[in-house]
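Below is one structure, written out as structure tokens, with a few remarks after it.
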Amino acid sequence: MSDFKYAGVIGGGAWGTAMAQVCARAGLAVTLQAREPEVVEAINGRHENPIFLPGVALEEAIDATTELSDLAPCDFILAVPPAQHMRKTLEAIRPHLRDGMPVMLCSKGLEQGSLSLMAEVLRETIPDAAPAVLSGPSFAGEVARGLPAAVTVASPDEGLARALAEAIATPQFRPYLATDIVGAETGGVLKNVLAIACGISEGKGLGRSAHAALITRGFAEMTRVAEALGGEAETVSGLCGLGDLVLTCSSPQSRNMSVGLALGQGQTLEEALAGKVTVAEGVASAPAVRDLTRKLGVDTPICEAVAAILAGEVAVDDAIRGLLHRPIRSEH
Ligand SMILES: NC(=O)C1=CN([C@@H]2O[C@H](COP(=O)(O)OP(=O)(O)OC[C@H]3O[C@@H](n4cnc5c(N)ncnc54)[C@H](O)[C@@H]3O)[C@@H](O)[C@H]2O)C=CC1
Ligand SMILES: O=C(CO)COP(=O)(O)O
């Protein structure tokens, strides 16, 4: 049995709310910090999050607040803001955390500018935190409704990964353990960019064969990037890599895939994102992934094509033509 009894969740979006739900179902006390007072009011008063997770009845045990200081007594933190806001979020929570606080990073993105994964951002902002990563195929709506899901919980401290996993596990939410946080994070970053590619393919009506080719060649890109960053191919072959790639590339429930779908159907990026309060992380991560892989000298043609389309540097049809006209090469 884990000693963790009290979880603090930062971020009242769909995934932060779903993770608070998981923690409450696992029997933990939970405080969820959200930026929006109306989200806090709805969670505490009506046990729902109508802005980011509409239509889901939330556990009454979830206590919401706008104040990061209210997370001070927690045994561990789940950090779930959009990746581009992770640094300032961690800087803001830092004064309220005790030394060595376990922080489980649940966001999936690469920081623009620094080209840092979230664990690097954590190391720079709260150097004495004990890092962990939670990632895997898990749509917030499904998880929050109690449908089954399995994820990777990774930490270089195997004992911490186990303690966190045991604390949050329920019969519906099954964590597997890993020690490779670089691999675990890289999978989550790239699958979002690759899901945009799959959405574009779907929107253009390119068929199931193209879809399978994109997933497979995208997985090759993911593996190369993870290894170049010091992660392991075995990690990305698991839930946090291949598993999440398959999920996110296969359902318009994915915000990333649906952005791609809209682009493939001829919308501009501005049109595809118009009026959305939710985040499609691949849009912000794609240029950072391109900068990083060029720096690393890793070949990622699909991610490059997505970055170029999103930046308006190339038309969708030209990007597809470019991918299909690459020189014939060895598959492995
Ligand atoms: N929704 C899902 O099914 C899953 C999402 N994730 C990851 O969780 C992370 C958060 O995504 P969601 O909870 O889905 O978000 P969301 O799209 O439901 O909501 C947007 C979130 O962004 C926050 N936000 C907006 N502007 C901000 C700012 N300036 N500073 C800080 N926060 C700001 C909002 O308060 C809200 O919490 C992302 O990295 C995503 O990839 C991971 C697994 C599943
Ligand atoms: O990460 C997710 C599922 O594992 C959610 O994907 P989207 O952010 O594309 O909706």
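Just so it is clear, glycine is given a Cβ too, placed from its N, Cα and C backbone atoms.
Those TrEMBL annotations? Automatic predictions, nothing curated.
Positions annotated as domain 'Glycerol-3-phosphate dehydrogenase NAD-dependent N-terminal' by TrEMBL: 8-159. Marked as NAD(+) binding site by TrEMBL: GLY11, GLY12, GLY13, ALA14, TRP15, GLY16, ALA140, ARG255. Taken from TrEMBL, the feature NADPH binding site applies to TRP15, ARG35, LYS108, ALA140, ARG255, VAL279, GLU281. What TrEMBL records for LYS108, GLY136, SER138, LYS191, ASP244, SER254, ARG255, ASN256 is sn-glycerol 3-phosphate binding site. Taken from TrEMBL, the feature substrate binding site covers LYS108, ARG255, ASN256. Look at TrEMBL and you will find 180-320 tagged as domain 'Glycerol-3-phosphate dehydrogenase NAD-dependent C-terminal'. Among the features that TrEMBL reports, active site, proton acceptor is placed at LYS191.
Sequence features annotated in TrEMBL and their locations in the structure.
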residue	record	DSSP (3 states)
GLY11	NAD(+) binding site	coil
ARG35	NADPH binding site	coil
LYS108	NADPH binding site	coil
GLY136	sn-glycerol 3-phosphate binding site	coil
LYS191	sn-glycerol 3-phosphate binding site	helix
ASN256	sn-glycerol 3-phosphate binding site	helix
VAL279	NADPH binding site	coil
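Of all residue pairs in LYS108, ARG255, ASN256, the annotated binders of substrate, the farthest apart have Cα atoms separated by 13 Å. Look at the binding-site residues ARG35, LYS108, LYS191, ARG255 and count other Cβ atoms within 10 Å of each Cβ; ARG35 has the fewest. With a cut-off of under 6 Å between the Cβ and any atom of ligand 1, the binding-site residues GLY13, ALA14, GLY136 reduce to GLY13, ALA14. Its own atom aside, the Cβ of ALA140 (NAD(+) binding site) has 22 Cβ atoms within 10 angstroms in the protein chains shown. Of all Cα pairs drawn from TRP15, ARG35, LYS108, ALA140, ARG255, VAL279, GLU281, which the record names as binding NADPH, the longest spans 21 Å. For the binding-site residues ARG35, GLY136, ASP244, VAL279, a Cα to Cα distance of within 10 angstroms from ARG255 (NAD(+) binding site) holds for VAL279. Spatial neighbours are here defined as Cα atoms within 10 angstroms of one another, and by that definition the neighbours of TRP15 (NAD(+) binding site) among the binding-site residues LYS108, GLY136, SER138, SER254, GLU281 are SER138.
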